[in-house]
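Here is what TrEMBL says about this protein:
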ACT_SITE  Asp275  active site, charge relay system
ACT_SITE  His314  active site, charge relay system
ACT_SITE  Ser474  active site, charge relay system
DOMAIN    266-507  domain 'Peptidase S8/S53'
DOMAIN    538-616  domain 'Proprotein convertase subtilisin/kexin type 9 C-terminal'
DOMAIN    634-705  domain 'Proprotein convertase subtilisin/kexin type 9 C-terminal'
Amino acid sequence: MTNDLTLISWCWLFPSRLISHSLGIKPPSPSSGGVPTENNCTIIRDRSGGGSAVPPARSDGWLRDVTLTVGKTPPSRCSSAWSPGCDAQVRSRMRRSWSWSWSWSWMGCALCLCASLTGSARDSREDDIMNLWRENGTQPDTGTEPTAEILKCNKAVWRIPGQYLVLLRPDVSESHVQEVLERLRAVHASGGHLLEVLQTYTGALRGFLVKMRSGVLHLVARLPHVLYIEEDSSVFAQGTSWNLQRLMQPYGAGSPNGTHGPQHDGRKVEVYLMDGGILRSHRELRERVLITDFHKVPVEKGGGHREASRCESHGTHVAGVVSGSESGVARGAHLNLVRVLDCQGRGTVSGTLAGIEYIRAMLLARPLGAVVVLLPFIGGFSRSLNTACRDLVDTGAVVIAAAGNYKDDACLYSPASEPEVITVGAVNLAGQLMSLGAGGTNFGRCVDVFAPGDDIISASSDCTTCFASGSGTSQAAAHAAGIAAVILSSNHNLAPVQVLQTLLRHSISGSISFPSLSDTHRLITPNLVAALPAASSDEEELLCRSVWSERSGVRSTDTAVSQCRPREEMMSCSGHAPDGAPAGQLSAVNRGQCVAYNRLGVKGVHAVARCCVVRRPQQGHVCAHQQHAAEGCKAPSLECRLLENTSSDNDRVELSCPPGWTMTDCSAIYQGSAVFGSLTEGKRCRISAAGADGTTGIAVCCRVR
């Protein structure tokens, strides 16, 4: 191959005649003083990249000179539609005025020039590579030079595009390192681009880290002394994301049931986050956050300006837990920010009500298949706030709230106290209740489930690549919101109560100890830590939960009442006396509610309703209420079994349902003088009494046919 490029006369004439013929234009002949037809355009290109077009000398003066510039000149004259990648510009000077038809001829000539120079530049770079091998005396016998490997990280999302490690052979000298670097610059510059060297390695590894275009990788791989090229990628500290490992704990990292495909990562689920600001440019959240036009926050005390990072701190961290690309639970979910908190993390009930109404109006105007609303804040008990949340659930939204960080009964706060809201408490790495100085997670019967909430690593608003540790029930609620999004991504038609039941069904049971709680709160606080459901979970499985009432008064006429949510069936009702009560009937179903009756001398009782999600009963079977099924209401879609166990010398009896069956009822027959009641935990029924001569436990286990 030569270093000179000659563009012969047909390069000019053929396009011009073709275009002229298509337009019906007859080009002028040489005899009429027109453009000459031979030796019209000779292009000389040297190795420096410059070039010139040297026309023949003619007496008629039609063409005197044409210059060709090759290099960084942008292809403004050479349209990409004619010749993609052309980086040449043709400049011409004429001494006579031409007819417009011959302008088409010059356009044809320019087309050929662009195409030819593109190929020539590529061929020249290929020649340069071969010359390098010759100069280094390492040209292979086959006539083709070896090609180094080009390696890429097997995790595509961790790759850093345009940043490459060029590693050299271990026996190269320092001078060879610099030599290859200079040659690399030359190869990259031949395409009109600058090479940025970020790091040079001269120790155990010889090479450098560079920013360059992927289009020249095949050329760089053929440079002398290059061993291999590796695309740069990210690395991550390990052991910090204990929270995500805890969510996967029931199935194990290698279990097929613990693997969630793209269809189960929360995609196509809209999460509305009511919080402060969000740094949506953070790498964890890019293209997944919409800042709505709602903004209802109290006036800042002092009126002083606060740094944006401070205003976005809480919201960014919580958003990262929900759907961060690396630190999030539901990495495919889309976030919508509704701002109701100021830079101090403070809001108002009135502002929150307005925000809830804004979301509700949005959902009514444009119904969405799967919606989760996250409320990572707490206030004093507010009936209006609880009512607004209940109305939002009625639209089909799954509403999740933080239990609060006051180390107190969650039922004293809103929105945590609303029964139709999923209220989430926090646990730490050890699986115990989270503590924050003098405070800690709230607890009690109004908490539905616990989730990781201590020392959680997530996105920080300090910069677009920063991460920070955060603790609180806001982080715990964010984990639950992510799990809810994962559940909904597998079935968009689930009702909010079905999402709750699925969340509870796949939670880790019995892993929390409550040494700091009173006996009463230890009894009614759920011992459940949220976990991701298995991808292969059976949607036809019967799901049940126990709903506790608050403790009744101590008078003999006092009662306690518990009830199920809409769309749940009340399969059983029982009473529980923490301090013991005389044997006899403690509870009954009344108008769809579970009622427990206190007795003389008893210090209060709890009503416990067993609430289940089943298929709708067949026609002809009428339950007590449109939204509630009375005890014993027949559901033909269920198959049930009765279990019985008697203990004559023990004050405790336990029964368990077989695999695939769900405990729907747990009750007892006492022969003694004092009873405590029955407890249902998952598939187990526990019955306790004091001073009993004999205790018989009866349990009902059911499954969907």
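Cβ coordinates are placed from backbone N, Cα and C, and glycine is handled just like the others.
Keep in mind that this is a model prediction, so the values were computed, not measured.
Feature annotations (TrEMBL) mapped to structure.
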{"residue": "Asp275", "record": "active site, charge relay system", "DSSP (3 states)": "strand"}
{"residue": "His314", "record": "active site, charge relay system", "DSSP (3 states)": "helix"}
{"residue": "Ser474", "record": "active site, charge relay system", "DSSP (3 states)": "helix"}
DSSP assigns the residues of the domain 'Proprotein convertase subtilisin/kexin type 9 C-terminal' (538-616) as 0 helix, 40 strand, 39 coil
Spatial separation of Ser474 (active site, charge relay system) from Asp275 (active site, charge relay system) - C-alpha basis, Å: 10
Restricted to the domain 'Proprotein convertase subtilisin/kexin type 9 C-terminal' (538-616), the mean pLDDT of the model is 83
State the count of C-beta atoms found within 10 angstroms of the C-beta of His314 (active site, charge relay system), not counting that atom itself. 24
Distant-in-sequence Cβ neighbours of Ser474 (active site, charge relay system), under 8 Å, six or more positions away: His314, Val318, Pro376, Phe377, Ala402, Gly453
